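Student: A single structure is presented below for examination.
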Amino acid sequence: MSHKKSKITQKQFNQKLIDQSEISEQCSNTKIHTVKKHDVSDVSFETTNTIPPKNITTTNGVTATVEALSALIASGNPLFKNGALWTPHRPIRPEKSEGGIPFQIKTSFQPAGDQPNAIKSLVEGIEKNERTQVLLGVTGSGKTYTMAKIIEKTQRPALILAPNKTLAAQLYGEFKNFFPNNAVEYFVSYYDYYQPEAYVARSDTYIEKESSINEQIDRMRHAATRAVLERDDVIIIASVSCIYGIGSVETYTAMTLQMQKGDKLNKQKLLTDLVAQQYQRQNINFVRGSFRVRGDTIEIFPAHLENRAWRISLFDDEIETLTEFDPLTGQKTGDLQSIKIYANSHYVTPRPTLNQAIKSIKMELVQRLDELNAAGRLLEAQRLEQRTIFDLEMLETTGSCPGIENYSRYLTGRKPGEPPPTMFEYIPNHALVFIDESHVTIPQIGGMYRGDFRRKATLVEYGFRLPSCMDNRPLSFEEWDAMRSQTIAVSATPGRWEIEQSRNIFVEQIIRPTGLIDPPTEIRPAKTQVDDVVNEIRQTIKKGYRTLITVLTKHMAEDLTEYLHEQNIRVRYMHSDINTLERIEILRDLRLGTFDVLVGINLLREGLDIPECGFVAIFDADKEGFLRSETSLIQTIGRAARNVDSRVILYADIITGSIERALQETKRRRQKQIAYNEEHQITPTSIKKNIDDTLSSVYENDYNINISHFITQNNRVGDNLSNHIQHLEKLMRKAADDLNFEEAARLRDEIKLLQEIELAITSNSSVCNNKYSIDEAIKHSSLFTKPNLDQMGPNTIDVGLLAKCKKERK
């Protein structure tokens, strides 16, 4: 009886949704396709293509089923139809308001070694419209500088892909130094933590989406999209996450607000438009992405700015002044003639588009519920109905909902199966694409699509999402390949795909500007590898150098570390169980000499820059596989190529094909490097790099305490910082009592900084006694340093006493 009641309720609900939704004509004015059971064409796809035939389209509600999309993935390359190549979407971009600025490198470096030939050859290839080129550059040969010179010579914007956030941050810092007067932007995933929505059918477990957004990276993403639309001199440093969907260029640019001094302005309409752009009204907590109103003055904190905001002053309905000011102090920093306000989210949607999307979602829901009920899956139907109705109510009321990205097909006006809008639609058609560490980055691009599909297919099958959620996805490899512009793959060990795309032609950059040659390598028996490596480690320590050892498993890494520790060797291990910040700490401690040996597995490869490394040991080098392939061996050997005295030993009982090829390539490079040094009378020198550079990325800026300027300028007030902090606390409370909250907030931030400096100086009180240099003081004040009592000096105040004093002051 309850089953009968459920069917009646469902029928009534379906009829109600149809009555509410007006079935409008498609934008393309095409015929409506009749749905047929068990046919891939019921989703307007042909069996082996993602692009619907011109004479077959769908209504707004018809979508791809899980079966149809599965057949679609198995169909092979979806980019060709009837012999014609699929043309990626190239949106019309607005006129640039800050165009015409040339790229100009600011550095004392000059091209050296193989760099001049590499730059010349690659620039010539770009001018000849070569679509894919390969730069085979060994470790330490200055590949980043070569990329910078190519950008300067071609005067083209660039997108630089890095395999992970850490390497992206390093590239961002280097390019910011090379191009201080140009727009170097950072575009990576803004999640500090991300748990995707998923359903585990075996245990009937639904995992809700959880995420934590990094506000600083979110701001940098907005700055990147704004810069690429407003300027010609743009370099975007991105991770592979740039192949995931963001808002379309058309919608994002259509939702901008532009105004000039002297324009007529309806104040109420401006406030309404700001809310539509997802800015929040905050009269007290004025933060990025908010606005506030004080009489005829409107203050806006744009999404792309960090420490500047805009003030619009009205006289009646006319803009009297446009001012830039510091949101913390309220101090004016400049006058503006015009401003352009971009949305606070890449996913903003105009109300007409949102209304049409809601109608389409309702129609898809009706169809999907009919499918589930016909199959007898009443639980899934009830679950889908409840979740989707909640989302629709949120969309109608607020214009947004949790998981709104799952409806991106309707919000962006894409057809079923079409790729989502990504950063590749934002960059100009003539932009250059550099793929750093291409042998790692390119396989990542190919691996994103299928994993995302499998997870969402399960959600659709069990009624957690509509089938249209599958169009919220990363680009497939074929789509990315079709959308990329002229590309240069950069790696010491290029992969097969890059070599094939460049027709086996690549530019070598083997000669280093410092004259360093690849380290000598030798093979020793694996049976006695542990005892042998202990002797080598002791010799390396006597020379003042560090040692890297690579093994095959976590268990081996931990056991070897324990054994070396028993031999009185200062050693630590690093593998995937160690979090990112702790890895940075370990590498920094290794360079500082806190310990002498680091044991790892697969993390001691790309991007590891340790000039102090004098010995690299590769255990079980004859166990051929992913960790001991030719590419892995060459990359690991390259970790020793920063020091003139470094050596590499491969422990193996048999010489595998990978070992033979790796040694042949290393020998070839050494011969070429030695010959060049002899011809030009160059004496190799080790690379010198500041230890602080290990941590100089965009992530630590908010956490490091830089007291070098404070110590050198002797800014301690009467050598009594505590009394000064107490005085500032009184001023802060007085400002708060007077309702001067901006001044109180400024004083609060100053007090916080001084308290951190107080602790840092206390832990370095020996600086005042000249026991340590100021550089040492700065080093020990870093977030990741854990000084012992001897290092802290004899006059160190107990931190617990400081905390007690602060509590008493409060």
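The count begins at 1 with the first shown residue.
Just so it is clear, glycine is given a Cβ too, placed from its N, Cα and C backbone atoms.
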Student: For the feature motif 'Beta-hairpin' as recorded in TrEMBL, pick the matching range from 190-213, 214-237, 238-261, 430-453.
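Tutor: It is 190-213 that TrEMBL describes as motif 'Beta-hairpin'.
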Student: Reported in the order helix, strand, coil, what are the DSSP residue counts of the domain 'UVR' (722-757)?
Tutor: 33 helix, 0 strand, 3 coil
Student: Would you please pick out, from the binding-site residues S141, T144, the one with the fewest other Cβ atoms within 10 Å of its Cβ?
Tutor: T144
Student: So how many other Cβ atoms are close to T139 (ATP binding site), meaning within 10 Å of its Cβ?
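Tutor: Total other Cβ atoms inside 10 Å, all chains included: 22.
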Student: Other than G137, V138, T139, G140, S141, G142, K143, T144, which residues of the chain come within 8 Å of the ATP site, judged by Cβ distance to the Cβ centroid of those residues?
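Tutor: Nearby residues not in the site list: T146, A492, Q509, R512.
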Student: When DSSP is mapped onto helix/strand/coil, what comes out for K143 (ATP binding site)?
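Tutor: Note: K143 (ATP binding site) is helical by DSSP.
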Student: Taking helix as H, G and I and strand as E and B in DSSP, count the residues of the motif 'Beta-hairpin' (190-213) in helix, strand and coil.
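Tutor: Grouping H, G, I as helix and E, B as strand yields 0 helix, 15 strand, 9 coil.
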Student: Sorted by position, what residues of the same chain at least six away from V138 (ATP binding site) have a C-beta under 8 A from it?
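Tutor: Set apart from V138 (ATP binding site) by at least 6 residues yet with Cβ under 8 Å, we have A492, Q509, I510, R512, D518, G638, A641, R669.
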Student: Name, in the order they occur in the sequence, the residues of the same chain whose CB lies under 8 A from the CB of G142 (ATP binding site) and which sit 6 or more residues away.
Tutor: F109, A112, G113, Q115, Q509, R512, P513
